[in-house]
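Below: one structure, written as structure tokens.
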Amino acid sequence: MSRGPELIITEKDNAARRIAAILSGESAEAERMNGVNVYKWGGKRCIGLSGHVVGVDFPPEYNDWRDVEPVELIDAPIDKHPTQENIVAALRRLARKAGNVVIATDYDREGELIGKEAYELVREVNEDVNVDRVRFSSITKREVTEAFENRDDLDFDLAAAGEARQVIDLVWGAALTRFLSLSARQLGNDFISVGRVQGPTLKLIVDREREIDAFDPEDYWELFADLEKDDESFEARFFYLDEDDNEAERVWDEASAMEAFETLQTKSTATVTSVNRRTRTDTPPAPFNTTQFIRAAGSIGYSAQRAMSIAEDLYTAGYITYPRTDNTHYPEDLDPRELLDSFTGTRDFGDDAESLLEQEDIEPTAGEKETTDHPPIHPTGELPSASDLSEDEYEVYELVVRRFFATVAEAAKWEHLRVVADVAGLSLKANGKRLVKEGYHAVYPYFSSSESFVPDVEEGEELAVTDTSIEAKQTQPPRRYGQSRLIETMEQMGIGTKATRHDVIQKLYDRGYIESDPPKPTRLARAVVTAGEDFADLIVSEEMTAQLEEDMLAIADGTANYEDVTNESREMLEQVFEGLMEHSDELGSQLKKSLKADKTLGPCPDCGEDLLIRKSRHGSYFVGCDGYPDCTYTLPLPSTGKPLILDEECEEHELHEVKMLAGRKTFTHGCPQCKADEADEQEDEVIGACPDCGEEHGGELAIKQLRSGSRLVGCTRYPDCDYSLPLPRRGEIEVTDEECEEHGLPHLVVTSGDDDDEPWELGCPICNYREYQARQAGGSELESIQGIGEKTAEKLKEAGIEDVPGLKDSDPDDIAAKVSGVGADTVRKWQASAD
DNA sequence: GCAAGGTC
């Protein structure tokens with residue numbers, strides 16, 4: 001009897017393609033089955049999943065949030081169902097005929113679970129087929145071949161550990177999210193979420209904000225002196241020994257600071273009392289894991305989300321390795337010389353690669369963590385040409401290349417020179433540093449290598465004191481977490497994963513818990529964290545993950561089982577709910593109060609109630625009174641962007657200022673009342689005849705200031721004639737004597753009020769608007785959306801999407817089908833951020 | 001419509 005083909009199942013298409021190429025000796029051919037790639041050669045088939053293709057959820061009868069008490073979710077049944085129908089269908093078709101199955105998903109816990117999900121789908125249609133498991137940590141010929149020669153079995157205990165995590169996350173997350181949302185009557189889009197990872201992440205941000213709020217600044221003074229030797233001047237700083245004999249520079253008492261300063265001022269020389277020289281080795285950085293990559297990209301201006309999205313594109317295009325990894329050890333069979341060699345002769349990297357190849361020994365650095373999932377992020381050696389990548393993509397690609405260079409470069413050496421001098425019993429110190437061996441800095445310019453100069457001096461030498469100064473300072477509150485610091489801290493706390501941490505931060509933005517960058521928590525966030533601390537401490541604590549990790553280890557090594565762990569977790573949640581239900585009302589009113597505080601601008605001038613930011617039926621924002629319908633006072637807001645209430649308050653109206661968040665077009669609107677008043681006071685300035693209705697009805701064009709803060713050239717017969725041309729929001733608009741020959745309108749000039757800025761010769765407003773529209777039609781408007789670079793905009797244009805309205809009106813699936821490498825979800829994200 | 005984890 002002839003056996004069917006062998007079926008190899010990987011976690012993603014990319015891995016399937018590469019494994020098929022290796023095992024087939026490049027002879028595998030791709031076929032489409034249900035829209036899914038199947039690689040085929042000899043008696044083999046290889047298919048890539050898309051991570052989890054089945055999901056866990058409650059049965060449909062639990063869907064209605066109002067019908068089901070949240071507490072009921074704790075013991076509700078949980079189903080598994082296919083979430084990627086086409087892939088599951090293709091897998092079933094292939095499995096039916098398979099003579100042997102090999103699970104080749106990623107070599108980590110989640111990979112084992114994804115493998116088990118595939119195994120179960122296979123078993124549904126093929127009861128008897130043999131199923132093997134292979135494990136490898138990088139898709140190289142040697143590792144893959146070896147893995148297929150040493151086949152193993154699926155580790156069902158490890159997969160069960162992952163299943164326990166799924167269930168516990170779902171039950172806690174769903175039950176608590178529904179409870180909080182219901183208690184504050186926040187259903188629909190604005191529900192109030194909590195979860196094992198977002199909870200502690202949010203608490204981290206809120207705790208820091210609490211520290212900032214509680215911070216009480218202290219005054220202190222610092223003293224400096226300029227010392228000089230042979231016309232070479234350098235700065236030295238006053239210090240003293242505190243009660244613990246530690247060096248201190250801050251003087252906490254004004255009188256002693258002034259006394260020391262006066263002493264310094266009276267003296268013209270300082271005596272060198274000690275000179276210390278030492279050399280320090282500055283070792284090159286470790287290979288990139290996801291967190292360190294995000295951090296480095298952050299330091300050159302990319303948000304975590306943007307950095308990962310670009311890395312994903314570079315990976316899909318084949319230029320860099322898989323961007324989601326914890327590993328900081330290069331695989332053994334990565335040959336640094338071979339990889340360096342692929343860069344020789346290139347314009348941007350050739351010289352550096354060649355100089356690195358001249359080293360006798362090349363020993364790459366390694367970080368602390370070594371894992372089995374994927375290699376650290378490094379260039380593949382396949383080189384993009386400049387036109388293949390957008391500017392941003394190239395910048396990130398260069399970062400990855402240079403990081404690889406740095407990890408195979410030599411250490412740098414610094415010479416430190418520390419000089420201590422005495423002035424009338426007062427100590428001054430200066431620290432100089434010189435880069436004596438450039439080492440990896442030569443190929444990796446992202447770390448500072450700036451030097452500070454201190455001349456060669458000797459003990460006992462007299463130096464001239466040429467200047468002295470005193471600075472009054474205050475201690476500063478701790479800084480807010482930036483996105484990459486947040487991700488690093490999450491990693492240290494052990495919450496989230498390399499693939500999800502940046503998404504979690506995005507989720508906190510989406511839920512209205514944080515705003516701005518670095519993220520600042522809203523009142524709602526504080527209320528949610530406080531509610532968690534009071535009634536469900538685990539959900540805002542990193543302990544929950546630590547405990548879960550411990551339980552998962554136990555399940556994986558067979559000392560605990562899935563049933564016991566999930567049951568125990570459910571019992572704990574029951575306890576939590578007892579406290580919650582008892583305090584449901586006060587909890588709800590606290591949350592409602594904070595939700596309102598997040599929207600409050602200040603007192604209504606008509607009735608004294610609160611003015612709130614509201615959303616109209618058409619989806620635009622405006623300022624309305626909480627006393628509505630008794631009070632109908634309103635103020636308009638600009639039509640672009642999402643309003644953010646700033647801490648700054650207008651003194652005249654006691655209203656908070658408003659900023660409009662709109663990506664690169666973000667701007668500060670200020671006090672909406674002031675803006676409206678300005679518009680009311682501003683007379684319209686007539687500049688010519690209206691081209692639409694001038695002849696027929698005598699309409700005229702005028703420069704108008706609207707109450708929403710925007711300005712335009714519009715017809716005086718508005719609303720009977722709605723002809724209008726846009727004007728910039730900022731700057732003084734001057735009407736010149738020069739006239740446009742074509743339209744008969746005067747040229748306009750915009751001055752910023754800042755003398756350093758060149759005035760903007762806007763010219764004839766009609767010509768200006770035409771040019772603006774032409775630029776838009778060039779497709780560049782699309783690039784204003786996050787995630788769309790030059791290259792993507794080009795692809796969209798080819799698919800017939802010319803501008804933002806065109807993008808918004810299109811069907812995401814339709815675009816995804818036409819544009820390679822773009823999924824429907826991505827399109828939806830673009831559409832959302834275009835609003 | 002809830003979570004967190006894969007991946008696009």
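Just so you know, glycine gets a Cβ as well, placed from its N, Cα and C.
Caution: TrEMBL annotation is automatic and unverified by curators.
For the ranges A:193-198, A:433-438, A:445-450, A:481-486, the feature annotated in TrEMBL as region 'Interaction with DNA' maps to A:193-198.
Separation of the C-alpha atoms of A:TYR322 (active site, O-(5'-phospho-DNA)-tyrosine intermediate) and A:ASP169 (site 'Interaction with DNA'): 27 Å, rounded to the nearest whole number. Here the region 'Interaction with DNA' (A:193-198) has, by DSSP, the following mix of helix, strand and coil residues: 1 helix, 0 strand, 5 coil. If you look at the region 'Disordered' (A:365-389), the same-chain residues 6 or more away from its ends with a CB under 8 A from one of its CBs are 106-108, 111, 135, 137-138, 283-290, 292-293, 311, 314, 317-331, 334, 338-339, 342-343, 346, 397, 400-401, 403-404, 407-408, 791. Of all the recorded sites in the list A:HIS52, A:ARG324, A:ARG511, the shortest Cα-Cα distance to A:ASP169 (site 'Interaction with DNA') is found for A:HIS52.
The secondary structure of A:ARG165 (site 'Interaction with DNA'), as reduced to three states from DSSP, is helical. Comparing the Cα of A:ARG324 (site 'Interaction with DNA') with the Cα of every entry in A:HIS52, A:ARG165, A:ARG511, these being the recorded sites, the smallest distance points to A:HIS52.
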